[in-house]
Structure formats: structure tokens, C-alpha cells
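Since the structure comes first, as C-alpha cells, the remarks are kept for the end.
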Amino acid sequence: MAAAEAGHWEHPYVPKDLKLPDYVPCFLSQKDILVPYLGTSFLLVSLIWLFSGRSKLSKTDRLLMCWWAFTGLTHIILEGYFAFSPDFYKEKTPHFLAEVWKEYSKGDSRYAGRDAGIVTVEGITAVLEGPASLLAVYAIATRKPYSYILQFAVCLGQLYGCLLYFITAFLEGDNFATSPYYYWAYYVGANSSWVVIPLLIAIRSWKKITAALQAEKKMKTR
């Protein structure tokens, strides 16, 4: 209590000797963070789905537009904030994005500790994969010929980033969560979508690209 009154709080992250000078605890609860995030995400996906329904796109393409819009904005806004806000854990006001990363760091304290590998991966993701994901929305909507190649490339980037994320944690002891709950809810659960969905999209894109090349080859041999 005395430490808190003096303006110094002990952080909850692992390891306990992690140096976080001027750390300020979360102002918002987990519910106060997740409800707005999930609600905003649902609203975004719903709007994309409704507007895309005016076109003659397939349901699969419409779902892909929803995914790429969601993942693109997540990369740019959330991950971009983290990559370029090294002092987020010092934020003394309930800044929503800072609160997100203070909370998420309970599942992976490498974020609070500004691990160089994590910052690099998140920075690349925000700067390159974020805009590319939004470009994929446009490419699908307008049926651009580079749509599948673009989606395949972004998926490879996402899968590569996830591999680095999980492998480096494993090699470093895989002990960065404050509890099993946060480990499974944040570290595993929150990241699983960026493994499963990009893998499925990459497979689909690969099949579409090879089918187009085979069709072109048949045309030339006639």
C-alpha cells in the first residue's frame, strides 16, 4: 500500500524481477476491455458483410473481406500502437490501447518488457501486413487479378510471424504468463485465429493460383 501511495506499483508480470520503471496498473477491467473490442469488431464485420451483399461476390469472398478488414485494422491500430508506444505500461490515464496491452501482457510479459523480437515482429506486421490486408479487401471486392497472390503472400507473413512468436517463447522457457488462465486465453487463444485462418486462406489461394496457371497452360497448348 505504501508503495502505491508513493506512486510505485509492483507489476503482475513474469518474471517478477522484470524491470518496468514507473509502471501503472490497469484502470479498466478485463470486461471493460473485451466488450468494446469485441463489440467494435462485430460491428465492423457486420457492416462489411452487409455492404458486400450488394455485389455478386460469393459468400466465401464476403467472409474473406470481413476477415481481412478485421485483421488489417487490428494490425494497424492495436499492433501499431504497441510497436510505436514503448511506454504504454506507464500510461497514467485509461487510454484504451494502452489498457489492451497492459492486460494482454498478463498472457505474455514479453510485451510489457519490450522484447526486441516481439517489437520487431509487431512493427513489421503493423506497417506491412496491416495495409496489405486492407488492400486485400479492395482486391476481393473489385475482383483484381492479384487478389489470390496478395492473400497468399499476407498469409505467409502472418504464419511466419506466428511461428517466430511461438518458437521464440518455447526456446526461452515458455514462462511468460501470469497464470494458466491467461496463458490459454491470451497467449494461445487470442493468437490461434492467426494460425488457423491464414493457413486455410493460403491453401485456398494456392489452389486458385495453380488452377489459373493450369488453365492458362491448356489454352496455350491448344
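Glycine is treated like the rest: Cβ placed from N, Cα and C.
If you look up TrEMBL, you'll see 33-51 (among others) marked as transmembrane segment.
Annotation source TrEMBL lists domain 'EXPERA' at 60-202.
Here the transmembrane segment (63-84) has Cβ contacts under 8 Å with residues 41, 44-45, 48-49, 52, 57, 97-98, 100-101, 111, 119, 122-123, 125-127, 129-134, 136-137, 140-141, 151, 154, 158, 194, 197, 201 of the same chain, all six or more residues outside its ends. Among the features that TrEMBL reports, transmembrane segment is placed at 63-84 (among others).
The feature transmembrane segment is assigned by TrEMBL to 116-141 (among others). Non-local neighbours of the transmembrane segment (116-141) in the same chain are 48, 52, 55, 57, 61, 64-65, 68-69, 71-76, 79-80, 82-84, 86, 108, 110, 147, 150-151, 153-154, 157-158, 161, 164-165, 168; each lies 6+ residues outside the stretch with a CB under 8 Å from one of its CB atoms.
Beyond the ends of the transmembrane segment (148-171), by six or more residues, the same chain brings 64, 68, 71, 108, 110, 117-118, 121, 124-125, 128-129, 132-133, 135-136, 139-140, 187, 191, 194-195, 198-199, 201-202, 205-206, 208-209, 212 to within a C-beta distance below 8 angstroms of the stretch. Taken from TrEMBL, the feature transmembrane segment applies to 148-171 (among others).
Summarising the annotation, TrEMBL assigns transmembrane segment to 183-203 (among others). Long-range contacts of the transmembrane segment (183-203) within its own chain (CB-CB distance under 8 A, at least 6 residues past either end) are made by residues 64, 67, 71, 104, 106-108, 151-152, 154-156, 158-159, 161-162, 165-166, 169, 176-177.
The residues of the domain 'EXPERA' (60-202), classed with DSSP into helix (H, G, I), strand (E, B) and coil, number 110 helix, 0 strand, 33 coil.
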